[in-house]
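Copied over from TrEMBL, here are the features:
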- B:1-28: region 'Disordered' (REGION)
- B:82-108: transmembrane segment (TRANSMEM)
- B:128-154: transmembrane segment (TRANSMEM)
- B:279-298: transmembrane segment (TRANSMEM)
- B:331-351: transmembrane segment (TRANSMEM)
- B:371-391: transmembrane segment (TRANSMEM)
- B:452-485: transmembrane segment (TRANSMEM)
- B:506-531: transmembrane segment (TRANSMEM)
- B:537-554: transmembrane segment (TRANSMEM)
- B:593-656: domain 'CBS' (DOMAIN)
- B:701-766: domain 'CBS' (DOMAIN)
There are 2 protein chains.
Amino acid sequence: MDEDGNLQISNSNYNGEEEGEDPENNTLNQPLLKRHRTLSSTPLALVGAKVSHIESLDYEINENDLFKHDWRSRSKAQVFQYIFLKWTLACLVGLFTGLIATLINLAVENIAGYKLLAVGYYIAQDRFWTGLMVFTGANLGLTLVATVLVVYFAPTAAGPGIPEIKAYLNGIDTPNMFGFTTMMVKIVGSIGAVAAGLDLGKEGPLVHIGSCIASLLGQGGPDNHRIKWRWLRYFNNDRDRRDLITCGSASGVCAAFRSPVGGVLFALEEVATWWRSALLWRTFFSTAVVVVVLRAFIEICNSGKCGLFGSGGLIMFDVSHVEVRYHAADIIPVTLIGVFGGILGSLYNHLLHKVLRLYNLINQKGKIHKVLLSLGVSLLHQLLFGLPFLANEACDPTIDEICPTNGRSGNFKQFNCPNGYYNDLSTLLLTTNDDAVRKHFLFKHSYEFGMVSLWIFFGLYCILGLITFGIATPSGLFLPIILMGSAYGRMLGTAMGSYTNIDQGLYAVLGAASLMAGSMRMTVSLCVIFLELTNNLLLLPITMFVLLIAKTVGDSFNLSIYEIILHLKGLPFLEANPEPWMRNLTVGELNDAKPPVVTLNGVEKVANIVDVLRNTTHNAFPVLDGADQNTGTELHGLILRAHLVKVLKKRWFLNEKRRTEEWEVREKFTPVELAEREDNFDDVAITSSEMQLYVDLHPLTNTTPYTVVQSMSVAKALVLFRSVGLRHLLVVPKIQASGMSPVIGILTRQDLRAYNILQAFPHLDKHKSGKAR
Amino acid sequence: MDEDGNLQISNSNYNGEEEGEDPENNTLNQPLLKRHRTLSSTPLALVGAKVSHIESLDYEINENDLFKHDWRSRSKAQVFQYIFLKWTLACLVGLFTGLIATLINLAVENIAGYKLLAVGYYIAQDRFWTGLMVFTGANLGLTLVATVLVVYFAPTAAGPGIPEIKAYLNGIDTPNMFGFTTMMVKIVGSIGAVAAGLDLGKEGPLVHIGSCIASLLGQGGPDNHRIKWRWLRYFNNDRDRRDLITCGSASGVCAAFRSPVGGVLFALEEVATWWRSALLWRTFFSTAVVVVVLRAFIEICNSGKCGLFGSGGLIMFDVSHVEVRYHAADIIPVTLIGVFGGILGSLYNHLLHKVLRLYNLINQKGKIHKVLLSLGVSLLHQLLFGLPFLANEACDPTIDEICPTNGRSGNFKQFNCPNGYYNDLSTLLLTTNDDAVRKHFLFKHSYEFGMVSLWIFFGLYCILGLITFGIATPSGLFLPIILMGSAYGRMLGTAMGSYTNIDQGLYAVLGAASLMAGSMRMTVSLCVIFLELTNNLLLLPITMFVLLIAKTVGDSFNLSIYEIILHLKGLPFLEANPEPWMRNLTVGELNDAKPPVVTLNGVEKVANIVDVLRNTTHNAFPVLDGADQNTGTELHGLILRAHLVKVLKKRWFLNEKRRTEEWEVREKFTPVELAEREDNFDDVAITSSEMQLYVDLHPLTNTTPYTVVQSMSVAKALVLFRSVGLRHLLVVPKIQASGMSPVIGILTRQDLRAYNILQAFPHLDKHKSGKAR
């Protein structure tokens, strides 16, 4: 009946009990009960092995007597405190995200820089093998640090974190996702993995870090050392945390691409499920703060105080020098970029899905396997990156620039070539990933990079992009895709030759955009991010065109990469659009396939409450009045499991069966206590004499749960559930007659998911085709 | 009970009938019934005198048998047609909006240009009075054209149209708002009014024009000459029209400011009530098409083929040359700009409200009064603009530019000054409004415009901005506010003198931004529009800072100007956030204050249907089954008045009381017919023998209306109503007992409006304070 109930139902005795009572109903139930096999039997390494108990968040306001009193008694000053704090927190989220992004960039550029300088030093001395050893050793060491931290301290820090944030904002509370440890591991691990030259980015992790900062600020610090500040109590609810985390994710994107509007649109388009106009402005405020912080650091670093960190470092992919020239005839190559981008992107999604399933099997075997897998992947990187060490003859004469650029950051590397020559492959490979992208985007000469080198680069990064993402380190998807895409664009540009006027740098930009659209299926936010990177409005129409084609092509093959990961992790994400066949099923029919609802009386015996808590795992129970009388049964509302546990813990028992006064409950409970999520019932010992006492559930009951009539179609129920952000939806009967219960069921997130419904009603599947969008 | 019912209830016999039936209930009713006094007794000139019957739109899917069959039978090809058409229409909306925006700009610049050249010619010959006469005559003539068109052909074309679009997207169908006549009058009238030099802009009207284009394209042409294209039938519903009009409004903003992202965000932040991720992308596509069209025309005009229309004309306020320099110390002047902007903006809102109420009284007297008012305002413009003709001595020595610029567009006008001198006031006044803004924004010398001239300019435009908006011509609010704001900013900059590093052009930009935020309370979209105008990311933090302060200051005084206009027009707009006191009222209590609900039986007698249609003006009726039996009453669903009328018109009667088969209804009705809005019942004549027949309402009944239990708080019901986009919300009882009806009421938009509820429950008003946002 409840999401948690379903998760654990196959282990508890509840299922067995049910069978005895209602054997006929249960045959229908069976598929519905089995529906969590995916999640419980194959927890992906990406989420971490600890995942067992995913709760839904509650974005609805719990209107019980206590809440109403608290609401009525809020003074103007308290409302002001609340508003002021909301804005302050939004500002702080931006500030910290900006600072940490700068820190990560500084660390990566310096670590990777000194590593590459050392290698260059040995190469220049013709000590190739020493160079290779130093290179390999440093990279393996950095990978080891990142992996060990993730595997042993915070498994949830693996991967990009964006799918989990998306799930959180949809109402799914993945455990340990936004904790302090996760954040610290994510920061350090990200630095290690990126500095090790692995084919993964820091963009996704930055979004996760931004969200962690938001969550930690909202709750007043790490779980064990929270600040008990009075003002923060207003934020002790899922709604306000959700808003803050939205700000955090937008800040993260902004910090990654230095794109404030793009960050806001990313949060709006890709991450957020609910959105309000007021939130738009607050999110934008956060991202603007990030930009101010980044700009301040750029000023500081321009004066050379950041070590090897150049002025360009904070502008991730500085494409502002790309020359944008195009004419009507260029529509053909641009269309080609889009079509191939879409095909490649969906192919990448498809293959990555397979690789992740394989990695999942390996990672399940234990922690040491995870570490070994990471090291293996890192070693493969080193072997492949060793290519330029072998390709001695791949030397080209230098071009106009003071070249080759040894011992400093620059476009052309001499590597093992004679003076006056440069090695184009090593120029692309022996550098940080960010630099490689920059080199692709920056066009100087058509013969800058040879076609063979580009093919090698592209092939290499296709392989690396597939095998790297699933390992147990923080890893972003943006950068691998941008690397592949820019190489592919540049290749296409070179192949086009003199046919077009578009320069090859622009080809690289469009190639990266098309592959991102083909894989991630983002559109507006991507377009704006590229717009803000290039600062050139002329790029807009052509980028849009490419993105539109690539997304359309990609959508005709498979789902976006984030959706694939969400499915793989078994997170119960609710889609925006109901499936067409959901119109042919009523919630009444859906409800009939479930065990009957467990209800409580308004004034209930303690023994009954204990019984219900022990024997079910539901998170909410409808409260009925007058069920034992003949005047008709009244639906009073819905009470949360957490509040029942709280009542038992506080022993708020009555000697007689009576309604309490408002002051009685106010004396015993505070709104802050009731906002806490606590349903650990094991340590509550109730004596047998207490079992005979009564509890008045009325004051703690949410009197205004949302309801649907049983004839409502599942499609519309889903729209309601998602639009309003519910956790429980009551089903009421369509017939008025005596002796009937005023509530016939509860629907939760799990019951409304297409996959679960199809398990119970397989015949609906034939209508699956023809989904309009 | 229904919105329409309430609108006309005081005139119909329904009210009287009700009184006889339920006198006790009626005392409670009285305030609720009176609630439309505002709308019906004072229809503002802005909407036009014809407004009498505002319907709600229906964004919910009407799931009756016919719909379900149509949905099931849709082939893949049809789904593809639908998607293809959606995108084609989005493209066409952008294309036409871009073309019409260019047309308006060309016409305005050429008409105003030749007018000003003629005046300049007479002045140069020292024939001041002839110049003044030509100037005044031309302007009065242009004003007359604009006013007569609006007053006699399309009263809905008056004003900016943005509040009505906002209302439409909220679910309020203002009549004649998006017709072909309205659009044509808006285009011609806008050209006339702007070319006449009135203090109003073409930005608001462009948004309205974009929405008209979208609406006309969606329905296949003007009302009387629609294309009956088969593909267009998918768009014959309120949902898809809503999406198209969102695209149209975004395109309009984009065309006005050449700001594609700003346009999308404007639609998202200010106009739209519902929003989906898919819509974001389609809207963005439309605005990108607009940009392409505008850019093509700029290229053409650059080659001098557009008459007096210079290259800068299409870039409305070319602020890309503003130099952005600021330091930490500049925070004080920037704060000042924001604070004053907020105060001035809300003061402007307050005064404009008063002026609009006054104008309303004048305009109500008749069409000729409207025309005279417009001409009077225009004449006042001429008198005030005559000031430079009088101020002979206001001459300044010329500056480095080839100056004065007579006979061509340029920054400094000689006017009546000796050679080598220019008249700064005439430079600002005797030009188009767009040019005046450009001059404010473009900073060359601190002594360019004298303080006295700036004060005169500011004072003048404050007066004009207040008196011009309410006249019966198409009029945008953006430009008057930008003019005031830039003058105010420039004055503040001049007053600051050497204290700051910010140049006075930037002061003017920030002044304009602050006043817009202070009056319109837009933030993100405004920020992005300025960002895209300046193409300078450095401007972002400082603009945000100013906007944030100005909006906060403004919000603490009064509502935004659009909200004020919405209230003035009495449009039943549903706000996003429920009032806090709504938590203390249940929908059951609210429902008790209304007349009892009128229900129909599943198989109903024709006589009863005719009776109900004649005696009520409700737009929907709950359909019950088994009300006459003892087995309990079942809620079957909700039937629309339009469908009942359709049944009577088609004479789909049964001789006996029976349920029909699905093919019977499919034979008689098509989904297209049922999508039409038709409730004109007058021309249906039913014979007395037909009166005794039966109608099976089941197949036409929406079986899945949204419901709330009577104990639901009004706050939550409002959230549901607005999130899902409802027209009717059924109230079901919380008690299950025999003999009760399964539906106890219907709530509509009008019932959930704060103002209306407070009329019926005045005691709730004390909780009004302390509204959280």
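Glycine residues also receive a Cβ, built from the backbone N, Cα and C atoms like all the rest.
Per-class residue totals from DSSP over the domain 'CBS' (B:593-656), listed helix then strand then coil: 20 helix, 20 strand, 24 coil. Counting C-beta pairs under 8 angstroms (sequence separation of 6 or more), the transmembrane segment (B:331-351) fails to reach the transmembrane segment (B:128-154), with fewer than 3 such pairs.
With Cβ pairs under 8 Å as the measure, the transmembrane segment (B:537-554) is packed most heavily against B:506-531, out of B:82-108, B:128-154, B:279-298, B:506-531. Mean pLDDT across the domain 'CBS' (B:593-656) comes to 87 in this model. Sorting the domain 'CBS' (B:701-766) by DSSP state (H, G, I as helix; E, B as strand; all else coil) yields 27 helix, 16 strand, 23 coil.
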